[in-house]
Amino acid sequence: LTFPLLSVTLLVSFGSSMLYGYNLAVVNSPAAYIKAFYNATWSQRYGHGLASGPLTLLYSLTVSIFALGGLVGSLLVGVLVERYGRNGTLSRSALLVLLASGFMGFSRELGSPEMVIIGRSITGLHSGICLSVVPLYLGEIAPKNLRGFLGLMPSIFICLGVFFAQVLSLPELLGEDRFWPLFLSVVVVPASLQLLLLHCFPESPRYLLIEKNDVCRATEALHRFLGTPDVQDVIEEMKEEQRSLSSVDMVSVWQLLRDRSVRWQTLSVVVVNAGMQLSGIDAIWFYTNTIFENAGIPVSQIPYTTVGTGAIEVVAGLIGCFTIEKLGRRPLIITGFCAMGICSAGITVSLLLHIPQPRVPSQTALPWMRYVSVACVVGIIAGFCMGPAGVPFLMTAELFTQSHRPAAYIVGGSLNWLCNFTVGFIFPFLQMSAGAFCYLVFCGVCLLVALYVYLIIPETKNKTFMEISHIFA
């Protein structure tokens, strides 16, 4: 692991992946303040406040518009990486964060809820691009024995982003009403750092050689990333892949979906990416405070309980990152989804036993069940960060050759964001209608995805992209 390889991994993870995690969790704590701002602005404009239903709808839109922006960003990935390369796309996308921070930071001063929603959609656009391009870039620059380690590094920074959002939301820091616009817009700091420094690192060698046929720059990039003068073996492996693709152009999404030779790879990307979002993790991150409040945790203790869960998810992410090259991809993702499914069922049971049910008058509430709810939330987050948070993106890079990879990321990313939007928008209403039983939906999804991975997807540890393609063939 050379210094340039580690440096660029940390830089793109800090400037892109961490912002995704931060923006997932940043709307959790200031929800009441943002709703109050919406209500006050509406009252000033129209002379009356918003009813509970429309206010919930408007806030749900604020939360979930982030995912719609992400969907648009994921659809642009193929065009952007072909035109600007991996490094160039990440550099340009950082400009979007600067724009979004301006919208959200000045929204209250200008009395405009629309600016909050627009800012959230632009941060989603940035995250949609980066969530696909970062693992694509790292998967192409990493040697095969480090591909799993570097591929899970962004997932650690996603967890760190969530954790930083939870820490900054404490009342002692930015968790007060007057600070929420600043709280939403501090993402400008890591994005600016990435914008300033990323041009110091070379483009992906695989992109330079296979797509641009620039052997000299690809060799220079490999010397820089691998820190060794002898890179001929890697060059030959890339040339072999280039020769195998010489009669194949970069495929479109439609061509990918119709290509029978990669049908199982495509289906696997669909299942793991959709399952990652439908597992319920977004409901946990978007509405942690509401879940803890329903579980009976005192309001004054909720911010600190939330920070504690954030610290545990960072530890879980580190465990996954440092064990993936020993255990492999399959054990981490199967164990993670199984743990999430069991804990989702645990939340349902704990809520039913904590709150007396009207249809069972003789039932006695069990106050200590609130702690079981917290433990189950921690279990869901830890299970997710240990495997499902990063392995699906890593798998998308590993299951396809260079010609199919951008289209595969568009498919996986689009499903990822569509499911993210669906959960973020529907969960408050699902919670109101189904109560504690809403978590059983997530339980079923997690266990079905774990079963699919166990039956269908092979282990890809320490294999070249061509070897993995031959396994599926």
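Each residue, glycine too, has its Cβ placed from N, Cα and C.
What TrEMBL records for 9-461 is domain 'Major facilitator superfamily (MFS) profile'.
Annotation comment: TrEMBL describes 57-81 (among others) as transmembrane segment. Within the same chain, residues 23-24, 27, 31, 34-35, 38, 50, 89, 92-93, 113, 116-117, 120-133, 136, 207, 250, 252-253, 286, 406-407, 409-410, 413-414, 416-418, 420-421, 424-425, 428-429 sit at least 6 positions outside the transmembrane segment (57-81) and bring their C-beta atoms closer than 8 Å to a C-beta of that stretch.
Packing against the transmembrane segment (93-111) from elsewhere in the chain are residues 15-16, 19, 37, 41, 44, 73, 118-120, 122-123, 125-126, 129-130, 133, 180-182, 184-188, 191-192, 194-195, 198: each is 6 or more residues past its ends and has a CB under 8 Å from a CB in it. The annotation transmembrane segment is assigned in TrEMBL to 93-111 (among others).
Residues or ranges marked as transmembrane segment by TrEMBL: 117-137 (among others).
Sequence annotations record features per position, and here TrEMBL assigns transmembrane segment to 149-168 (among others). Counting same-chain residues at least six beyond the ends of the transmembrane segment (149-168), those with a Cβ under 8 angstroms from any Cβ of the stretch are 1, 5, 9-10, 12-14, 16-26, 28-29, 134-135, 138-139, 141-142, 174-175, 183, 186, 285, 303, 306-307, 309-311, 313-314, 316-318, 320-322, 324-325, 385, 389-391, 393-394, 397.
Residues or ranges marked as transmembrane segment in TrEMBL: 180-201 (among others).
Under the heading transmembrane segment, TrEMBL lists 267-287 (among others).
The transmembrane segment annotation in TrEMBL covers 307-325 (among others).
Sequence-distant neighbours of the transmembrane segment (332-356) (same chain, 6+ residues past either end, Cβ-Cβ under 8 Å): 272, 275, 279-281, 291, 294-296, 320, 323-324, 363-367, 369-370, 372-373, 375-377, 379-380, 382-384, 386-389, 391-392, 435-437, 439-440, 442-447, 449-450, 453-454. Sequence annotations record features per position, and here TrEMBL assigns transmembrane segment to 332-356 (among others).
The transmembrane segment annotation in TrEMBL covers 368-395 (among others). Residues 131-132, 134-135, 139, 147-148, 151-156, 158-159, 268-269, 272-273, 275-276, 279-281, 284, 288, 291-292, 295-297, 305, 308-309, 312-317, 319-321, 324, 329, 332-340, 342-344, 346-347, 349-351, 353-354, 412, 457, 460 of the same chain sit 6 or more residues outside the transmembrane segment (368-395) yet have a Cβ under 8 Å from a Cβ within it.
Under 8 Å from some Cβ of the transmembrane segment (407-430) lie the Cβ atoms of residues 56, 60-61, 63-64, 66-68, 70-71, 73-75, 77-78, 124, 128, 131-133, 136, 250-253, 255-257, 265-266, 269-270, 272-274, 276-278, 280, 282-283, 286-287, 290, 392-393, 396-397, 399-400, 438, 441, all in the same chain and six or more residues away from its ends. TrEMBL lists 407-430 (among others) with the feature transmembrane segment.
The transmembrane segment feature in TrEMBL is assigned to 436-457 (among others).
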PLDDT averaged over the residues of the domain 'Major facilitator superfamily (MFS) profile' (9-461): 85
